[in-house]
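A short worksheet on the structure shown next.
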Amino acid sequence: MNFTHINEQGYARMVDVSSKNDSERIAIAQAIVKMQPETMGKIRDGAIKKGDVLGVAQIAGIMGAKQTSALIPMCHPLNLTSVNLEFAFDEVNASIIIEAEVKTTGKTGVEMEAITAVSVAALTIYDMSKAVDRWMEITDIKLLEKSGGKSGHLVRD
């Protein structure tokens with residue numbers, strides 16, 4: 001069996017993508033932070049003592065996407081052209097739904113950057129809110145959609 005990230009000597013290597021064609025790459029990922037309804041209200045009302053939770057999480061998610069190759073050893077450093085995060089309050093489930101869309105034009109996809117963006121944003125929400133809710137849960141981190149490259153356009157059912 002041949003592994004793409006292991007060389008002939010059995011050591012780790014970054015996959016050579018130099019022969020691939022550049023194409024527009026887009027990935028959309030999601031994470032959910034579950035919490036007490038009171039915590040969600042404090043976040044919405046700007047009543048968390050550490051400050052603007054979603055504003056800081058937005059910046060953290062963007063920074064996370066930009067730093068993905070520094071965090072995940074075999075990820076290629078990419079020239080991202082767009083990172084956008086959106087937050088939605090799910091009142092029924094006392095959750096904040098985070099979605100990130102990441103774009104580039106290049107030889108490899110941006111799935112890991114989108115997943116890292118929502119993960120770091122979720123961790124930031126947790127960090128800034130943990131003083132009022134120690135039992136928050138970060139769940140459902142997943143890729144929702146990707147396009148570009150040989151795989152074409154894929155959407156999670």
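Glycine residues also receive a Cβ, built from the backbone N, Cα and C atoms like all the rest.
Features as listed in Swiss-Prot:
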- Asp127: active site (ACT_SITE)
- Met74, Cys75, His76, Met112, Glu113: substrate binding site (BINDING)
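Overlay of Swiss-Prot annotations on the structure.
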{"residue": "Met74", "record": "substrate binding site", "Cβ neighbours (10 Å)": "12"}
{"residue": "Cys75", "record": "substrate binding site", "Cβ neighbours (10 Å)": "18"}
{"residue": "His76", "record": "substrate binding site", "Cβ neighbours (10 Å)": "15"}
{"residue": "Met112", "record": "substrate binding site", "Cβ neighbours (10 Å)": "22"}
{"residue": "Glu113", "record": "substrate binding site", "Cβ neighbours (10 Å)": "26"}
{"residue": "Asp127", "record": "active site", "Cβ neighbours (10 Å)": "15"}
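In this structure, Cys75 (substrate binding site) belongs to neither helix nor strand by DSSP; it is coil. In sequence order, Thr68, Ser69, Ile72, Pro77, Leu78, Thr108 are the residues of the same chain, not among Met74, Cys75, His76, Met112, Glu113, whose CB sits within 8 A of the CB centroid for the substrate site.
Between the C-alpha atoms of Glu113 (substrate binding site) and Asp127 (active site), the distance comes to 21 Å. Taking the C-alpha positions, the distance from Met74 (substrate binding site) to Asp127 (active site) comes to 27 Å.
Between the farthest pair of Cα atoms in the substrate binding residues (Met74, Cys75, His76, Met112, Glu113), the distance is 12 Å.
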